[in-house]
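A.B. asks: Here you go, one structure.
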Amino acid sequence: MKLTCVVIVAVLLLTACQLLTADDSRGTQKHRSLRSTTKVSKATDCIEAGNYCGPTVMKICCGFCSPFSKICMNYPQN
């Protein structure tokens, strides 16, 4: 019985801490525009179709890398 009460109190305490922390952190993100431009530049920085995409290349393909020829391919269009 004691253990059950201790577990219930611990769960309630942790839940309260989570709610207080989540409510307190709203609107405190710094450098929002810098973060979003970084994501966009990473998303558009890719290898075009027809170029080599083997394991030594640091960029990813805009489409997919053919497993046999190691050449970037565009996704097939329906």
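A Cβ is built for glycine as well, from the same backbone N, Cα and C atoms used for every other residue.
Summarising the annotation, Swiss-Prot assigns signal peptide to 1-22 and lists sequence analysis as the type of evidence. Sequence annotations record features per position, and here Swiss-Prot assigns disulfide bond to C46-C62, C53-C65, C61-C72. Annotation source Swiss-Prot lists 4-hydroxyproline at P55, P67, citing experimental evidence.
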A.B. asks: By CA distance, which of the disulfide-bonded residues (C46, C62, C72) lies nearest to C53 (disulfide bond)?
C.D. replies: C72
A.B. asks: Short question: which residues 6 or more past the ends of the signal peptide (1-22) have a Cβ under 8 Å from it?
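C.D. replies: Those are none; the list is empty.
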A.B. asks: Going by a 10 angstroms cut-off between Cβ atoms, which of the disulfide-bonded residues C46, C61, C62, C65, C72 has the sparsest surroundings?
C.D. replies: C46
A.B. asks: Please report the distance from the Cα of C72 (disulfide bond) to the Cα of P55 (4-hydroxyproline), rounded to the nearest angstrom.
C.D. replies: 12
A.B. asks: Consider the recorded positions P55, C61, C65, P67 and say which one has the Cα lying nearest the Cα of C46 (disulfide bond).
C.D. replies: C61
A.B. asks: Please report the Cα separation of P67 (4-hydroxyproline) and C61 (disulfide bond) in Å, rounded to an integer.
C.D. replies: 12
A.B. asks: How many other Cβ atoms sit within 10 Å of the Cβ of C53 (disulfide bond)?
C.D. replies: 23
A.B. asks: From the Cα of P55 (4-hydroxyproline) across to the Cα of C62 (disulfide bond), what is the distance in angstrom?
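C.D. replies: Counting only the Cα atoms, the answer is 16 Å.
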A.B. asks: For P55 (4-hydroxyproline) and C65 (disulfide bond), determine the Cα separation and express it in whole Å.
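C.D. replies: Here the two Cα atoms are 10 Å apart.
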A.B. asks: DSSP secondary structure for C61 (disulfide bond), reduced to helix/strand/coil, please.
C.D. replies: strand
A.B. asks: Among all protein chains shown, how many Cβ atoms are found within 10 Å of the Cβ of P67 (4-hydroxyproline), not counting that one?
C.D. replies: 6
